[in-house]
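Taken straight from Swiss-Prot:
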REPEAT    13-44  repeat 'WD 1'
REPEAT    62-92  repeat 'WD 2'
REPEAT    104-134  repeat 'WD 3'
REPEAT    147-179  repeat 'WD 4'
REPEAT    191-221  repeat 'WD 5'
REPEAT    232-261  repeat 'WD 6'
REPEAT    282-312  repeat 'WD 7'
């Protein structure tokens with residue numbers, strides 16, 4: 001028996017690149033997505049076999065430029081977004097309204113995250129800083145000492161309460177690990193030879209993976225700071241995510257998604273949508289964002305053709 005992924009449907013409604021997707025830990029029938037069309041969409045998942053996999057239940061307006069990132073609070077009631085309009089916004093999803101605007105970055109906000117307890121917020125920006133905020137939109141700390149020397153492309157909290165850290169990466173080719181208690185640098189991870197787009201922390205907080213221009217996914221041990229190993233790809237890595245319940249890493253590179261079984265470092269599946277267009281690489285929609293459902297059975301992927309594609313894990317007898 002082996003596990004494969006089948007394309008189950010699409011979510012159509014954005015008018016710009018789908019830059020990020022967040023699944024709702026409390027409600028398996030809704031997800032939220034961010035786009036270059038300056039909106040967030042809350043999707044109701046209907047899982048229709050023939051037509052769309054769901055429909056836009058709510059569209060959230062407020063940002064005045066591309067939205068680069070979105071995350072959900074652990075209770076699923078609030079969304080946090082970051083935008084090229086230099087702000088973050090906290091949204092009450094039931095009301096469909098912004099409850100807080102976070103101002104302080106001097107350039108585009110590229111990444112946002114919630115701490116495990118939802119009390120702290122971190123953001124990364126093209127202004128080369130990382131900012132820590134509370135949920136009242138007060139900036140508590142700006143990390144500049146030992147900071148990135150170029151755009152901060154991604155910031156993430158570790159889900160591990162016993163090791164409170166922030167992981168960041170940037171266009172300076174560096175992955176940095178920060179001690180959350182004092183906002184001081186804990187580790188620098190060097191090994192990439194191109195700008196970095198994304199970093200993600202494993203569900204148990206023991207390791208992280210980074211990727212970008214050099215097409216390599218590097219895995220790092222967050223406890224001792226060592227580079228564990230490298231997974232090679234043949235295109236720019238745009239997104240990374242760990243499965244919540246299997247030892248899998250998903251890598252979005254160029255138009256493709258590769259799912260790695262980290263136990264044996266072998267490919268489980270390679271996903272590439274069949275897009276009806278001339279087969280030149282330039283015309284293939286790029287995969288920009290990835291998110292697993294909480295149960296690890298459904299993979300949502302956002303693309304540069306404004307579409308979300310939905311894959312489902314199925315067991316096949318070989």
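Note: Cβ is positioned from N, Cα and C throughout, glycine not excepted.
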Other parts of the chain folded back onto the repeat 'WD 2' (62-92), taken as Cβ under 8 Å at six or more residues beyond its ends: 16, 19-27, 30, 32-36, 38-40, 98-103, 105-114, 116, 118, 121, 123, 125, 133, 135, 137
Close approaches to the repeat 'WD 6' (232-261) from elsewhere in its chain (Cβ under 8 angstroms; 6 or more beyond its ends): 3, 5, 197-203, 209-213, 215-217, 219, 267-273, 275, 281, 284-292, 294-296, 299, 301
Seg_contact(the repeat 'WD 7' (282-312), the repeat 'WD 4' (147-179)) with at least 3 CB pairs under 8 angstroms, min sep 6: no
Paired segments the repeat 'WD 4' (147-179) and the repeat 'WD 1' (13-44) in contact, 3+ CB pairs under 8 A: no
Predicted model, mean pLDDT over the repeat 'WD 6' (232-261): 98
Per-state residue totals over the repeat 'WD 5' (191-221) - DSSP helix, strand, coil: 0 helix, 18 strand, 13 coil
